[in-house]
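Here is what Swiss-Prot says about this protein:
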type	residues	note
REGION	1-43	region 'Disordered'
COMPBIAS	1-17	compositional bias 'Low complexity'
MOD_RES	2	N-acetylserine
REPEAT	100-129	repeat 'ANK 1'
REPEAT	133-162	repeat 'ANK 2'
REPEAT	226-255	repeat 'ANK 3'
REPEAT	259-288	repeat 'ANK 4'
COILED	297-329	coiled coil
REGION	316-686	region 'Disordered'
COMPBIAS	374-383	compositional bias 'Acidic residues'
MOD_RES	399	phosphoserine
MOD_RES	407	phosphoserine
MOD_RES	427	phosphoserine
MOD_RES	452	phosphoserine
MOD_RES	509	phosphoserine
MOD_RES	560	phosphothreonine
MOD_RES	604	phosphoserine
MOD_RES	647	phosphoserine
COMPBIAS	670-680	compositional bias 'Acidic residues'
COILED	681-782	coiled coil
């Protein structure tokens, strides 16, 4: 029995021992946990707002006790050290605002809570504190019509002249007559100038800006919260004079505030048109983006949206013009050895430009190597001139070198030599070889044919040698050859045997009074048969003087063309003839191409005596003279055919009087010269055509405008008729509906009338029955 109990008691004792050990461990752990300090009780989490938000919430809820506790808690006490620059903590709590700048006093006025208003004012709140839009508590009370709050604020020093951001006083926001009367009475009592109060901010800004300009420094004054500059404020409120001063002082029109707004954004948002124009003129960007990616057009008021679009187009046009001018200014200029500035741009036709280009190409290889050419007057007295410079080029067109304005010019000897540099250079630059240039000053100098259809006579061998570069002169043993200048057409000298050259008089033709030429330059002097190719001297005159001189030259060039009496006398002196035979020159023809009628008179006996043998003056001689002159002028258009014409002319001249008479008889009716050879006349004709075309277009535009107005009126009438026609079915339907309603109403009234007659009959029957009953009752009562 004892043996069986032993094994059974062993497992039970082991389990008990294990439990005892576990119990001991728990006891020891509890002892250690009790000895160590515990974490304590966990505090509940709370949400704390800013003191300003809590104070605003307490005042909005009317909890004045809580507001007093907050103000008392904000007071640091008598011994605390305070920052002198910062407001007291209690005052900061009283004037605390929300995101819109609304303080507790603003909110109390909005809620019409006079008790909270009194509490805040008694505690020291700022009565004239403005929100983000510039509204004071008095603005709020006036706008809401709270008379009691307005009186209380006025009695405690509220500013009745305060102006908000829109430029409004509390009086401007008054809604009721009682409020308006209260504010007007207060304004009269205080003597406030309403207009001056509205201009006070602008005057202050203007004064500060002038002080900045006088001081020479422009401070970067910015709003501490919004970052707006003075230009932002002036643009938003339309202070144009302040903006002009700021922009003239160098204020950047692209300044940005805290939101990335430029002054143009502000002006567009508030709809200030003048400010938008001024900023756009000073480079305000129409495509400037804010931090939100908005342009001025995106923020603009509807009234200024069209203006901004127009300003954007103008800025784009100005930008394109500036880029085009810069690109033109960067084009390479053709090199020129002459540094003299051109006084004006040559007005040449396309044909003349091509001839000038060809001439400049032919002149370049040997133009600078040959000896210089002098004028006849200068060749006798003055020294050798320096070699000519290369002609200046403008857009690929060679232009003649400009003579120096400082060179001495004698008006008595050469009346038109002052303007000789204005002659067009067609072929006069291509000179013959040096050995062909003979001594100047030969006797017998005559008049040459100038650019204005004047007659000049050739007198020396030098005049014969001045020809186009491709012309080979045909020597004539008897007759001098006519000189050919640059596209200047002239007739050959008079046909004579041994006498000095004389001029064949030309009768005045009624169909063609003026012989057209290919040049518009003034006539050359009788002695200046060739151009002076001297080196131009640099002109030191100013730009304005140069332009004025060029204008005078152009005017004189138009008004002094023709041959005067002085030219004729000098030509006669040079030819050795007496001036007694010449008649006084008549007044110039008032046409575009002037001429001297006295010179063309062919009835003079002196001129008839001067004519060579067998060649008396008459219509045939004049026509032959013009024909020969036209043949001489013909090769000026194409230089290839000139040698053959020259040789043919020489053979004709050498044939004697009979050949000349046959030629005259064959060419009695020469073809008129085309007026297209005369650039000046062509310009005049073109101008007249353009003017007529403009008049025609203007009349057409006027007619079109009137027609458009008539069509608009007709369209409006048609639209009105269509609207009436469109509304007519609706009107008919409405009338039909009303008719049916009236019919129904009439039927109802008829039914009512029938019922009324029945009711009357019933009523009468009841009356009769009632009378019968009354009689029965009266009988029964007896």
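Cβ atoms are placed via backbone N, Cα and C, with glycine included.
With a cut-off of 8 Å between Cβ atoms, the residues of this chain six or more beyond the repeat 'ANK 4' (259-288) that come close are 226-229, 231-232, 234-238, 240, 243-244, 247, 253, 294-297, 299-301, 303-304, 307-308, 311-312, 314-315.
Taking DSSP states H, G and I as helix and E and B as strand, the repeat 'ANK 1' (100-129) has 17 helix, 1 strand, 12 coil. For the repeat 'ANK 3' (226-255), the number of residues in each DSSP class (helix H, G, I; strand E, B; coil) is 17 helix, 0 strand, 13 coil.
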